[in-house]
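Over in TrEMBL, the protein carries these features:
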type	residues	note
ACT_SITE	173	active site, proton acceptor
BINDING	8-13, 33, 38, 77-78, 93, 99, 116-118, 141	NAD(+) binding site
BINDING	80, 86, 118, 119, 120, 121, 146, 147, 148, 149, 228	substrate binding site
DOMAIN	3-140	domain 'Lactate/malate dehydrogenase N-terminal'
DOMAIN	143-311	domain 'Lactate/malate dehydrogenase C-terminal'
MOD_RES	219	phosphotyrosine
Ligand SMILES: NC(=O)c1ccc[n+]([C@@H]2O[C@H](COP(=O)([O-])OP(=O)(O)OC[C@H]3O[C@@H](n4cnc5c(N)ncnc54)[C@H](O)[C@@H]3O)[C@@H](O)[C@H]2O)c1
């Protein structure tokens, strides 16, 4: 893959461009924003450091300049203000998406569209519809961020490397998400047994506290610094890496579900194999009855919002 375009040069767009550049994932990076001056500032800043990373030609562009992109990362739109939920952003961001997604699809008919703007699950579905692309090439960043936060927080709690945690956050990237505690392991050891070996306290109350910390992570950051950025950029560059290197990595991206635990025609996060074709396979995962209920509730909530948008 040769060319990546980033739509939106705000906190997420700019930090993601930096992460992609540092990882040397692509030769050509186009950055576009309605605020061209801001985007130009980011392009210049990235260009000035570029001789220290593997060659990556960063340019300022318009939507037309995204032509023939291999991957388009969509971060344009408004973000949450303190106290706002992600779903509160739908009306404004839906209008913004309608203004450029058809053009992006026309200009780069073979691209993979990676949707980041919130509410990411609803907007991924809308992008799928507006683009007319096959479902495997429209991906939402979904709960990859929440899963990363879960692993990081569990790693911190137990004093171990968070990469040793096998477990996911599934459902909506938002308030109805849930942790797959019933199957979560650390180094293949059930979390309760793991904590016993270290004499560290673990019970359902601890589970609840960690799940809440994961869910509220963005709120805690936003109320202090205005937006999340580094963790998101780390996640997005990880997804881009899986795509560009055809890794077949299992990530909890948001994808179109069909007959998945009784859920159809909705974008939600489940364990998914990600490679050069985008979503290569959606994996079935065993959920407890309670987790299944939460999953269905998440799907119903997303459908409600999609219907709301469709009726406008
Ligand atoms: N999916 C995730 O995990 C995740 C995580 C964090 C933030 N987000 C979301 O990402 C989005 C961006 O967040 P941010 O902090 O970068 O916001 P930001 O306000 O810093 O940046 C958004 C940028 O979009 C630009 N923009 C607006 N309309 C545009 C248009 N029509 N065309 C091109 N550019 C346009 C703005 O000028 C601005 O520079 C928000 O919706 C936020 O909620 C998603």
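Cβ from N, Cα, C; glycine included.
Mean pLDDT for the domain 'Lactate/malate dehydrogenase C-terminal' (143-311) in this predicted model: 96. Taken in sequence order, the recorded positions 8, 146, 148, 219 that lie near ligand 1, meaning a CB under 6 Å from one of its atoms, are 8. The domain 'Lactate/malate dehydrogenase N-terminal' (3-140): residue composition by secondary structure is 70 helix, 26 strand, 42 coil, according to DSSP. The shortest Cα-Cα distance between residue 80 (substrate binding site) and any of the binding-site residues 12, 33, 93, 116, 118 is the one to 118. Candidate binding-site residues: 8, 10, 77. Nearest to residue 120 (substrate binding site) by Cα distance: 77. Here the Cβ of residue 8 (NAD(+) binding site) has 25 other Cβ atoms within 10 Å, regardless of which shown protein chain they belong to.
The 10 Å shell around the Cβ of residue 33 (NAD(+) binding site) contains 23 further Cβ atoms across the protein chains shown. Residue 228 (substrate binding site) and residue 77 (NAD(+) binding site) are 14 Å apart (CA-CA, integer value). Measuring Cα to Cα from the residue listed as 'active site, proton acceptor', the binding-site residues that fall within 10 Å are 118, 146, out of 10, 33, 118, 146. In this record, substrate is bound by 80, 86, 118, 119, 120, 121, 146, 147, 148, 149, 228; the longest C-alpha to C-alpha distance in that set is 20 Å. Note on the binding-site residues 80, 118: the fewest other CB atoms within 10 A surround the CB of 80.
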